[in-house]
Amino acid sequence: MALQRTLSRRSVTRQSLLQKDEKSLKAIQSNQGEDEEEIDPATLDWDGPDDKENPKNWPTWKKWAITMSTAMICLEVSFGSSLYVCGVPDIMMKMKVSQELAISGLTFYLLGLAFGPALAAPFSELFGRRIVYVVSLPVSMLFTMGVGLSSHIRDILVLRFFAGFFASPAMAVAGGTIADMWDFEMMGLAMAGFCLAPFMGPVLGPVIGGFVAEKEGWKWTMWVNLMFAGGILLPVLLSPETYKPVLLKKRAKKRGLKLQKPQISGLEFLKFIMFITLMTPMKMLVVEPIVMVFSIYIAFVFAVLFGFFEAYPIIFRGTYKMSLGVSGLAFLGVGVGLVCGTIFYIVIDRYKFFKKNEDGTRGPRDDQNRLILEAPETRLIICKVGAIALPPSLFWLGWSSRESVHWICPIISGALFGFGLILIFFSVVLYFSMSYPPLSLASALAANNLFRYIMASVFPLFTVQMYQKLHIDWASSLFAFIALAMVPVPWIFEKWGPALRNKSYYGYAAMIRREKEQSQKLENLQNDADEEFLRKEGDGTVQNSSSESENVNEKAHNRV
């Protein structure tokens, strides 16, 4: 009986120590208060896999409606970038400024798109996705209105920057909204529309803006932009919240649960913005070869697209003597290529990566019907196709743009360029999403977004001079030679990508190693607690008081 009481007392004390230590660890990790009556929001979860309030269980029509709404936001924001370009000749004439200064309105807007997402991530994490849409889009519309009312180039440049800066958060969190709703096997299909929009917007800008600027002047390009934004504003305001932590907090409050309040000061929030949303993406650009190389690749291709806004007028207005409005229609070739590339990606996604099984599920499954995730390098097959398509499209553009060749030839070359562009982008997004856990993925995509828009903002500033000095054939060939040098990139990462991912500090492999280390630390903590108890038991100094348990727990925890 004495032995039984000793074992029982040892079991109770050990359980008490471990329970207290788990609470201590949770308190440290969540940075919350110690009120036992309050619930840590991090512990909240859905009532089950079939919880109707879980966005992943919403009706399919509702998820597609929200997906299309977010895609339209991305389309509108990117549409506003190139729409302005159509009014550059009118701005030059009315404000007596150089072409470089007038085109800087595009540069400043793209810089705003580059730096604006730094604020989107922390606000989205704290307050949800919906508030970002509801605030950013109307504020951006106000600055766009200011551009239309401006009569000085200085005002236009400043207002264009802030129009892009406040529009970008809505585009930055759109991917998170889609990820909130769709399962992995349907994610690729839903992401197709979202990824297409940022490229289709710049293409549609000259198609519509050319005729508007030709008939009504540059100010009406801003009014058309406002009309587009106003048209999607109502669906945005009616869209529900999709971010899981925010939805669970709201439901907990409705149920009368008391939640712990995060103890985050203004200084800590500023540090979060500086080091998580700004410094981490910059660091990943330097120390992560996967992020660095693919960000350079995507940035170059994206920048060439924006360089077309200056190259196409030289080709179609200069060589083929088209009007401003008609020359804008040449971008339809790029648009057709983007759509064809998206369809090609969807077919590959549906019939290769996620083939339909006999039981109605999609993708490879194990014995327990769980989805088997393939190596990220399998997605680089799409990038290979895109990489091969780019160089010939640029050579084609340069050497077919002459009076003796029909104007349809350079337009068709744009279709091949758009086809390759969108496939490379799809592949990179998929490769990143399968290589990095969510927080690191957000930083990797932020790094890609930052570098992409900075480079795109610079290219239009020197494209005119380059095409004037090298002429259309060799200027386009220069872009083609750079694209040709980048063709081996997907094959290089297909071979060495697994080794790079294994060594990555931010990748899944590193996350698994850290989880194992943490598990080992917790196991050591348990062993230390046992040893402390047995030592005191051997000395005859074991006490059942809570203060003694806390002392033992504190000593064991300090060792970790």
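Heads up, the Cβ atoms here are built off N, Cα and C, so glycines get one too.
The region 'Disordered' annotation in TrEMBL covers 23-56, 520-560. Annotated domain 'Major facilitator superfamily (MFS) profile' per TrEMBL: 66-503, in sequence order. According to TrEMBL, the transmembrane segment annotation covers 101-119, 131-150, 157-179, 191-213, 220-239, 259-278, 290-309, 329-348, 380-399, 405-432, 439-462, 474-493.
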Next on the checklist: Same chain only, please: residues at least 6 beyond the ends of the transmembrane segment (474-493) with a C-beta under 8 Å from a C-beta of the stretch. Say none if there are none.
Outcome noted: 290, 293-294, 297, 300-301, 304, 307, 311, 377, 380, 383-384, 387-388, 390-395, 397-399, 401, 427, 431, 463, 466-467, 500
Checklist entry - Over the domain 'Major facilitator superfamily (MFS) profile' (66-503), what is the model's mean pLDDT? => result 87
Checklist entry - Which of 131-150, 157-179, 290-309, 405-432, 439-462 has the most Cβ pairs closer than 8 Å to the transmembrane segment (380-399)? => result 405-432
Checklist entry - Between the transmembrane segment (290-309) and the transmembrane segment (191-213), do 3 or more CB pairs sit under 8 angstroms, pairs being 6 or more residues apart? => result yes
